[in-house]
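Annotated features, as they stand in TrEMBL:
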BINDING   Asp45, Asp84, Glu114  Mg(2+) binding site
BINDING   Asp45, Ser46, Asp84, Lys112  3-methyl-2-oxobutanoate binding site
ACT_SITE  Glu181  active site, proton acceptor
Amino acid sequence: MSKITITDLQKMKQDGQKITAITAYDATFAKLFDDEGAQVLLIGDSLGMVLQGGDDTLAVSMDEMVYHTRCVVRGASKALVVTDMPFMSYATPEQTYQNAARLMAAGARMVKMEGGDWLCESIRHLTRNGVPVCGHLGLTPQSVHVFGGFKVQGRDEFHAQEIYRQALELQAAGIQLLVLECVPVALAERISKALRIPVIGIGAGPATDGQILVMHDAFGITSGYVPKFTKNFLAETGDMRAAIRLYVQQVSEGTFPGPEHCFN
Ligand code: KIV
Ligand code: NA
């Protein structure tokens with residue numbers, strides 16, 4: 001069974017086929033999501049919240065990301081495996097290279113970093129040295145304390161324009177995939193159309209090239225505050241495998257996200 005590559009995702013964008021991504025942190029769920037056709041598995045630093053019980057993602061270490069990457073890689077036979085660079089693991093270019101190398105050695109096939117044009121030097125260096133990079137703009141959770149909470153980003157014209165500009169700069173620097181989190185539908189649509197590379201949305205409406213969810217949210221088992229953009233696929237199916245099958249199906253056919261999951 002051949003593995004999904006960035007070239008396949010690029011082709012999906014060109015053909016107007018939606019990409020389904022989901023987070024995974026262990027081999028068993030990785031295998032289930034892979035079996036059911038998710039094209040991208042993200043070892044998200046959201047594990048600081050959903051696995052470790054933290055209020056944010058800031059306490060997650062490189063060692064933890066390496067460990068969970070190893071676990072997921074063993075369960076993934078097709079999907080493209082992407083791992084988050086955790087908080088403060090890419091604060092300087094030198095540190096970025098060393099930490100990205102560790103994630104690639106653990107089996108990641110791409111690394112994800114949150115932020116805008118200040119990352120361009122690191123992105124250029126990584127891609128030149130064989131490390132594919134995924135960008136992440138909009139609500140970047142590692143900056144939650146700068147934002148003053150988990151809030152929708154790019155609501156006014158000035159900030160929307162800023163996110164749009166950053167997306168183009170990241171693409172020019174060499175990112176091959178972009179996650180856009182919690183931005184208004186119209187902004188996500190504008191960015192997805194402007195970029196050559198696939199844009200994966202979460203809380204960014206239906207016009208992106210694909211969708212991602214935190215797996216616990218897709219199963220409706222997240223405790224505490226449940227964001228508006230998520231959907232409990234387990235409620236409709238009563239079975240984990242069927243829930244993920246439904247998620248993949250609804251993303252593919254464009255019925256998820258619906259208007260009730262969007263910000264305008
Ligand atoms: O950490 C994570 O799970 C993420 C996704 C929500 C995009 O970054
Ligand atoms: Na993350």
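Keep in mind that glycine also has a Cβ here, set from the backbone N, Cα and C atoms.
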Which same-chain residues, if any, lie at least 6 apart from Lys112 (3-methyl-2-oxobutanoate binding site) yet have Cβ under 8 Å of it: Leu42, Val82, Thr83, Asp84, Met85, Val133, Cys134, Gly135, His136, Val179
Chain-mates of Asp45, Ser46, Asp84, Lys112 with C-beta within 8 Å of site centroid, 3-methyl-2-oxobutanoate: Thr23, Leu42, Ile43, Gly44, Leu47, Thr57, Val60, Met65, Thr83, Met85, Pro86, His136
Other C-beta atoms that fall within 10 angstroms of the C-beta of Asp84 (Mg(2+) binding site): 30
Listed recorded positions adjacent to ligand 2, that is, members of Asp45, Asp84, Lys112, Glu114, Glu181 whose C-beta is under 6 A away: Asp45, Asp84
C-alpha spacing of Glu181 (active site, proton acceptor) relative to Glu114 (Mg(2+) binding site), in angstrom: 10
Assigned conformation of Glu114 (Mg(2+) binding site) - DSSP reduced to three states: strand
Under 8 Å by Cβ from Glu181 (active site, proton acceptor), counting only residues of that chain that are 6 or more apart: His136, Leu137, Gly138, Leu139, Thr140, Pro141, Gln153, Gly201, Ile202, Gly203, Ala204
